[in-house]
Amino acid sequence: MATSFWKARDFLFCGVCGTLLDLDNIRYASCPLCGFKRMAKDIEDKETRYSITAEDMRRQLKTQPFVDVVVQKTVIDGTCPKCKHNKLEYDQRQLRSADEGATTFYECPKCNYRFNEN
Ligand SMILES: [Zn+2]
Ligand SMILES: [Zn+2]
């Protein structure tokens, strides 16, 4: 694993409680537990060049729970791939810049199964 990743990774944990910061917002990472915020700019200013996207982070840290700050959820007709429930909730968020499109996350309200489509 690249050293730069682990350096950048240190900045992604809450300085107060050590929780993995939520990097969904491109401007800052915030702690889902205590609200601690770290500006993305601060991360860039550190010794490592911050070239890793939030998406890369999530892939690397997939053992961490998916932490959400959900802006809004919409209920749609759809079938849960897991339990076949006939309603799904979804929310859309920008993972990177506004130019690169959004990822839609679906969640089954019944079994809480989550998946996304690009
Ligand atoms: Zn915290
Ligand atoms: Zn389900």
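Cβ atoms here come from the backbone N, Cα and C positions, even for glycine.
As the structure is a computational prediction, the values presented were derived from the model and not from experiment.
Annotation comment: TrEMBL describes 14-34 as zinc finger.
Annotated Zn(2+) 1 binding site per TrEMBL: Cys14, Cys17, Cys31, Cys34, in sequence order. For the recorded site, Cys17 (Zn(2+) 1 binding site), the DSSP three-state label reads coil. Within the same chain, the residues at least 6 positions away from Cys17 (Zn(2+) 1 binding site) whose Cβ sits under 8 Å from its Cβ are Cys31, Leu33, Cys34, Phe36, listed in sequence order.
Sequence annotations record features per position, and here TrEMBL assigns domain 'TFIIS-type' to 76-116. Looking only at the domain 'TFIIS-type' (76-116), the predicted model's pLDDT averages out at 81.
Following the DSSP three-state reduction, the secondary structure of Cys111 (Zn(2+) 2 binding site) is coil. Taking the Cβ of Cys111 (Zn(2+) 2 binding site) as reference, residues of its chain lying under 8 Å away and at least six apart in sequence are, in sequence order, Cys80, Lys82, Cys83, His85. Residues or ranges marked as Zn(2+) 2 binding site in TrEMBL: Cys80, Cys83, Cys108, Cys111.
Straight-line distance linking the Cα atoms of Cys108 (Zn(2+) 2 binding site) and Cys14 (Zn(2+) 1 binding site), rounded to a whole number, equals 29 Å. Cβ atoms within 8 Å of the centroid of the Cβ atoms of Cys80, Cys83, Cys108, Cys111 (the Zn(2+) 2 site) belong to the same-chain residues Pro81, Lys82, Lys84, His85, Pro109, Lys110, Asn112, Tyr113, site residues excluded. Sequence-ordered, the extra residues of this chain that approach the Zn(2+) 1 site, with Cβ no more than 8 Å from the Cβ center of Cys14, Cys17, Cys31, Cys34, are Gly15, Val16, Gly18, Thr19, Leu21, Pro32, Leu33, Gly35, Phe36.
With a cut-off of under 6 Å between the Cβ and any atom of ligand 1, the binding-site residues Cys17, Cys31, Cys34, Cys83, Cys108 reduce to Cys17, Cys31, Cys34. Residues from the binding-site residues list (Cys14, Cys80, Cys83, Cys108) with a C-beta closer than 6 Å to any atom of ligand 2: Cys80, Cys83, Cys108.
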